[in-house]
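Swiss-Prot has this to say about the protein:
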{"type": "TOPO_DOM", "residues": "1-20", "note": "topological domain 'Lumenal'"}
{"type": "TOPO_DOM", "residues": "42-45", "note": "topological domain 'Cytoplasmic'"}
{"type": "TOPO_DOM", "residues": "67-126", "note": "topological domain 'Lumenal'"}
{"type": "TOPO_DOM", "residues": "148-164", "note": "topological domain 'Cytoplasmic'"}
{"type": "TOPO_DOM", "residues": "186-203", "note": "topological domain 'Lumenal'"}
{"type": "TOPO_DOM", "residues": "225-235", "note": "topological domain 'Cytoplasmic'"}
{"type": "TOPO_DOM", "residues": "257-277", "note": "topological domain 'Lumenal'"}
{"type": "TOPO_DOM", "residues": "299-309", "note": "topological domain 'Cytoplasmic'"}
{"type": "TOPO_DOM", "residues": "328-333", "note": "topological domain 'Lumenal'"}
{"type": "TOPO_DOM", "residues": "351-364", "note": "topological domain 'Cytoplasmic'"}
{"type": "TOPO_DOM", "residues": "408-429", "note": "topological domain 'Cytoplasmic'"}
{"type": "TOPO_DOM", "residues": "451-465", "note": "topological domain 'Lumenal'"}
{"type": "TOPO_DOM", "residues": "487-644", "note": "topological domain 'Cytoplasmic'"}
{"type": "TRANSMEM", "residues": "21-41", "note": "transmembrane segment"}
{"type": "TRANSMEM", "residues": "127-147", "note": "transmembrane segment"}
{"type": "TRANSMEM", "residues": "165-185", "note": "transmembrane segment"}
{"type": "TRANSMEM", "residues": "204-224", "note": "transmembrane segment"}
{"type": "TRANSMEM", "residues": "236-256", "note": "transmembrane segment"}
{"type": "TRANSMEM", "residues": "278-298", "note": "transmembrane segment"}
{"type": "TRANSMEM", "residues": "310-327", "note": "transmembrane segment"}
{"type": "TRANSMEM", "residues": "334-350", "note": "transmembrane segment"}
{"type": "TRANSMEM", "residues": "365-385", "note": "transmembrane segment"}
{"type": "TRANSMEM", "residues": "387-407", "note": "transmembrane segment"}
{"type": "TRANSMEM", "residues": "430-450", "note": "transmembrane segment"}
{"type": "TRANSMEM", "residues": "466-486", "note": "transmembrane segment"}
Amino acid sequence: MAGQLRLTSGKDEDHFQHQGAVELLAFNFLLILTILTIWLFKNHRFRFLHETGGAMVYGLIMGLILRYATAPTDIDSGTVYNCGKLLFSPSTLLVNITDQVYEYKYQREINQHNISPHQGNAILEKMTFDPEIFFNVLLPPIIFHAGYSLKKRHFFQNLGSILTYAFLGTAISCVVIGLIMYGFVKAMVHAGQLKSGDFHFTDCLFFGSLMSATDPVTVLAIFHELHVDPDLYTLLFGESVLNDAVAIVLTYSISIYSPKENPNAFDTAAFFQSVGNFLGIFAGSFAMGSAYAVVTALLTKFTKLREFPMLETGLFFLLSWSAFLSAEAAGLTGIVAVLFCGVTQAHYTYNNLSSDSKLRTKQLFEFMNFLAENVIFCYMGLALFTFQNHIFNALFILGAFLAIFVARACNIYPLSFLLNLGRKQKIPWNFQHMMMFSGLRGAIAFALAIRNTESQPKQMMFTTTLLLVFFTVWVFGGGTTPMLTWLQIRVGVDLDESLKEEPSSQQEANKVDKDMTKTESAQLFRMWYGFDHKYLKPILTHSGPPLTTTLPAWCGPVSRLLTSPQAYGEQLKEDDVECIVNQDELAMNYQEQSPTSSSPATKLALDQKSSGLTLGKENIYEGDLGLGGYELKLEQTRGQPQMD
């Protein structure tokens, strides 16, 4: 071996441990500084630089200091030694050095061009996170919180549009970015900046899929603060939530695309196999997440855990996390599973929780989401200097900037035109321009890019992704408020209090669940809400009509077993609305809440009197439900007792 080896002693190991504590402390102070800056921004209503942009700035400063103010601690770390006797890479390796045996663990494969001059810098290596930390620790709380805090009323009103943008729009963005980048790659080969065969079309599609993941967290935070039009907020929020899940599964499907003959040629069988993998993984992850939420709902319904809020909250958290881990263990996508687990938990399990657990779960995941987001954005700034294998290519970066803007335009404007053909409440041009402007890149694109940085194309993608995130967060995030003013989008809208806070009672939760429909998918909603109200809600929660009144007589034992005793009492008090949309009219079945009223006028008066007791309640006769010219009728639900 060339040179004398410096062996690690027990004293050196203690030094490394103390050094690790110092590095974690530095990162901790970085987060503290970020939190204080956020308070300063909120206190002075400073909207030209969002908190996430500030976190990235602090990360950049810290990374700059670590990069150039620290020296390598192990001069032999970058030296390559040949082991001709090994035919494969074992998970652990025992090495005898001067009669002392040392154990080494496998980390990753490193190509010759990946060996950095900073390879021996222990501080930079420690500040470079394992990519799996993002997917297994930091991303799940963010995605679960997005599903758990989903404002269902406006989301389901615009569900058809949201699904179109999330699924079809993401696919369009992926293909457009892939095609444009393939053209720039060919130009790079022609200019001699890239070798022919180093960057294939599948690599371009892979880059397109990860860059299709939008993360307008900065824009949405400003929207929430300014109370922007609820429909615009919901379209953008709903698209970003589902778009993340679609982009992750799409990226995985492209990465396992493997034709039999030429691995980089188009193969019809391999293409349809990838499509099948996409659908199977997405459906399986959806089922896994929903199943864990159903189990949680049943446990919280049929046990007395509500008497012990700490245990109830702990069980809720662990089962929700298990949805992610089980999906990953089964070869599915944990992010998709935990997203739909959060949506289902909010729809069913939340109603079974005690008041303490409702508050605790909401605050717990809100806090975890806040902390995880700021950790990720701080680390983005760090990664620009601590990542040791950046590849900056001006032509590739220029092509990526052009590609994401063109792809966003090909996504928003054509799909909005098609959606407006069938919508009563059109998506106006200023909404479309704002959605085009809000296509920021963030945590998901960064996590997908950093997960695989072994080859030169992947390293170039990661570097470019990092720069795109910086640009979109700083420029587009900071320009959100001026853009709202320029596009004349209304702010300070208070049409739906549920956009600002969760329902404050069981009755309001049921009302929000039922008071939603859209002409674009009325038949589907009529079937779903009827099934949900009559069967799923009574099975999984204490609300809804007793199963003894909705199931056939021969199901008597099962219905009595699954019906909660509280359901009989709640049946008389429940303020539940079921929207049924037909071709010519809308019949709304409405259960009375007051024992002294049966007319709509009386009901409205009582709702106004009780508004002080039930915060966030919405008058169903006000605002635009998006029902067009349908006639609204009120009918007493058959089979339900009417209070006199």
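The backbone N, Cα and C atoms fix where each Cβ goes, and this holds for glycine too.
Here the transmembrane segment (165-185) sits apart from the transmembrane segment (21-41); fewer than 3 CB pairs are under 8 Å, leaving out pairs fewer than 6 apart in sequence. Taking H, G and I as helix, E and B as strand and the rest as coil, DSSP gives the topological domain 'Cytoplasmic' (351-364) the counts 12 helix, 0 strand, 2 coil. Summarising model confidence by region, the topological domain 'Cytoplasmic' (148-164) averages a pLDDT of 81. Looking at which of 127-147, 204-224, 387-407, 430-450, 466-486 has the most CB pairs under 8 Å to the transmembrane segment (236-256), the answer is the stretch 204-224. Among the recorded stretches 21-41, 204-224, 310-327, the one sharing the largest number of Cβ pairs closer than 8 Å with the transmembrane segment (387-407) is 204-224. Sorting the topological domain 'Cytoplasmic' (148-164) by DSSP state (H, G, I as helix; E, B as strand; all else coil) yields 13 helix, 0 strand, 4 coil.
Contact between the transmembrane segment (365-385) and the transmembrane segment (466-486) is supported by 3 or more Cβ pairs under 8 Å, counting only residues 6 or more apart in sequence. Counted over residue pairs 6 or more apart, the CB atoms of the transmembrane segment (278-298) and the transmembrane segment (466-486) come under 8 Å in fewer than three pairs, which marks the two as apart. Under 8 Å from some Cβ of the topological domain 'Cytoplasmic' (299-309) lie the Cβ atoms of residues 315-316, 319, 349, 352-354, 356-357, 360, 540-542, 564, all in the same chain and six or more residues away from its ends. Here the transmembrane segment (430-450) has long-range neighbours at 52, 131, 134-135, 138-139, 142, 209-211, 213-219, 229, 231-232, 235-236, 239, 244, 247-248, 251, 373, 376-377, 380, 383, 387, 404, 408-409, 412-413, 416, 458, 461-462, 465-466, 468-469, 472-473, 476-477, 479-480, 483-484, 487-489, meaning same-chain residues at least 6 beyond its ends whose C-beta is under 8 angstroms from one of its own.
For the transmembrane segment (334-350), same-chain residues at least 6 beyond its ends with a Cβ under 8 Å from one of its own Cβ atoms are 135-136, 139-140, 143-150, 152, 241-242, 244-245, 248-249, 281-282, 285-286, 288-290, 292-294, 296-297, 300, 316, 320-321, 323-328, 358, 361, 365, 509, 513, 536-537, 540-541. Per DSSP, the secondary structure of the topological domain 'Lumenal' (328-333) breaks down as 2 helix, 0 strand, 4 coil.
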